[in-house]
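For reference, the structure is listed below as structure tokens.
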Amino acid sequence: MEQEKPRLAVFKFASCDGCQLSLLDAEDQLLAVAGAVEIVYFPEATSRMEDGPYDIALVEGSITTLHDAERIQQIRKDSKYLMTIGACATAGGIQALRNWADTDEFMRAVYAKPEYIQVLESSTPISDHVKVDFELRGCPINQYQLIEVIQSLLAGRKPRTPQHSVCLDCKRRGTVCVTVAQGIACLGPVTQSGCHALCPSYHRGCYGCYGPAPQSNLVSLATHMEKEGDSRTEISHRLHNFNAYAPAFRNESQRLLEQDGE
Amino acid sequence: MADRTIKVETLTRVEGEGGLYVRLRGDAVDEVRLEIYEPPRLFEALLRGRPLEDAPDITARICGICPVAYQMSSVHALESALDVTASAEIRRLRRLLYCGEWIESHGLHMHLLHAPDFLGFDSGLDMAKQFPDEVNRGLRLKKHGNQLVDMLGGRAIHPVNVCVGGFYRMPRRDEFQKLIPDFEWGLNAAVETTRWVAGFEFPDFETECEYISLSHPDEYPMNEGFMKTSSGDSIEVSYYEDEFQERHVPHSTALQAIRKSTGRPYLLGPLARVNLNREQLSPTARQLADDVGLEPLCKNPHRAIIARGLEIVHAYEEALMIMRGDHPTGKPRESYSYQAGEGMAATEAPRGTLFHRYVIDEAGKIVKAVIIPPTSQNQAQIEADLKQWVTHVMSDDEQETARQCENLVRAYDPCISCSTHFLNVKIERT
């Protein structure tokens, strides 16, 4: 008898669909992955929709509504491994910028009849709501890392994804430092690798789409940027991006804004 | 017969989250609602106060399938506010980038999202077991689109190379050249794909609606032009908000647009573009449109899959022309200085016209942003067409009816994340 394949489900919360699209964009590996697992729930790709339990749940998007806050609880109960994919699910996403604003005022600015819509005051990562087994960073995620994580979970080992900063990747690929050579502000020193140091190779500073690298020294980088003549508001703006609500970026931008307010 | 409702809780094979609700009174259709429950992300609000340079990167995050469209509409609109005119070289490269997105997005929709409906599969992956050659060919086309966006934009999802004024860095000659052999194969493969889908069995169904797209005297519409309508009007993009109005309805987080002058919905997207600009298609695509027998004014929304195929052929042919032409030289971007002002622009996202308007201040900060995505504009027309379609497909088997309703919705390739909002069919007989 054929052995049962692991059951894979893909769920979406507030997001742009880009991270789950990474799975469909793994064209060369897509049919192989689809052969190794049974995709039992993935509304973007298939009309087949089965209930749990699931072996692996991939979750994209942040929690921004009461309904979604309840839905993630059920998904956690139904799933053996729950893995978040992307900046929205791991750090609240760009929509977390409202965590610093008046959400009601935001709603009034966008909708003629905000009373038709109910949203939470904040946009929060999945780990604020349920236990997460692995968080895959990126806005968008790197499809090779995604394939690695799925394969590792299938093999029952820990995923191998790098934890170093973007700077190291620039050195590896021989990209001349945009800060040193051109004075361009770059979040590379504090941002986790995953993009192969893409932006500097296009002559622009890293804008932090993989979020803070472990043990990154935000204060040191901000101090350097201030010395270069950037205002604290400008620096905090740089951190208020796709991973604004990730703790390290959040704390530093908060510190800068408070200093500015003094 | 008792009244009843048909509900599709989660529409599948569309991007984003939504549902469908149909209420019947006896056998008469009482109400049809495309319910978009994608949580709002409030982009227009969170852009305020940010440097204008952030707009292409941030608005790209509205949609992972068509980030290029958001980048293109935003840079054009902001350049208009700054009185910046991009060079011919930059313009050519922007069209090339857009070709990549059309190939990627249409390739995805045709093969993985829509074709399974015609052949009776739950997904493209299931379909691959019986149609491996067709699905593999489609995946390869999609991959070419991604490779092109990757080459020019740095990555396929949320490219990093686009900026106000042009690009951060020019592509290298070798980057162009290595794509050319694949694109030569792809052009032929896209023709085969279009012939394949044109041979599907299409339901005998036509709708009456106004088709609207950009139009340009010299080229198939992509980045620039005026708004052309099937009723014969020409509208300058600067009058967009005077002509079209978004309304907020209780059952949807996406706004719904109507044409102010008629009070009626309208349709954007590949079918509208081909209906209105067939003569501007590339030679191979134009000939192919005749060969596969696409009507001069096609009113069957199910046949939009053919229009997508033609646009992929066009995109391959135009991309090859650009890549084989003189390699772009000159500076990668135009410089500008800040000035207070307002700018607007519309470009053709794979799903239809995408309008952006920005007000900026003298320090280069965004004061106001207005984004009118194609799906929210198409939504009211999709509901109107569904109302008509339900009467064609109504049967005692509610699951089958719901499935047929979903099929029609997928024909439009609604991007619900875009509408800053996915779908479910519910049919109710009360």
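Placement of Cβ uses the backbone N, Cα and C atoms for every residue, glycine included.
TrEMBL lists B:GLU44, B:ILE371, B:HIS421 with the feature Mg(2+) binding site. The C-beta environment of B:GLU44 (Mg(2+) binding site), restricted to residues of the same chain at least 6 apart in sequence and closer than 8 Å, consists of B:LYS368, B:ALA369, B:VAL370, B:ILE371.
The Ni(2+) binding site annotation in TrEMBL covers B:CYS63, B:CYS66, B:CYS415. B:CYS63 (Ni(2+) binding site) falls within neither a helix nor a strand when secondary structure is assigned with DSSP, and so counts as coil.
Annotated Fe cation binding site per TrEMBL: B:CYS66, B:CYS418, in sequence order. Just so you know, the Cβ of B:CYS66 (Ni(2+) binding site) picks up 27 other Cβ atoms within 10 Å once every protein chain is counted.
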Among B:CYS63, B:ILE371, B:CYS415, the one of these binding-site residues whose Cβ has the fewest neighbouring Cβ atoms within 10 Å: B:ILE371
Chain A, Cβ under 8 Å: which of the binding-site residues B:CYS63, B:CYS66, B:ILE371 qualify: B:CYS63
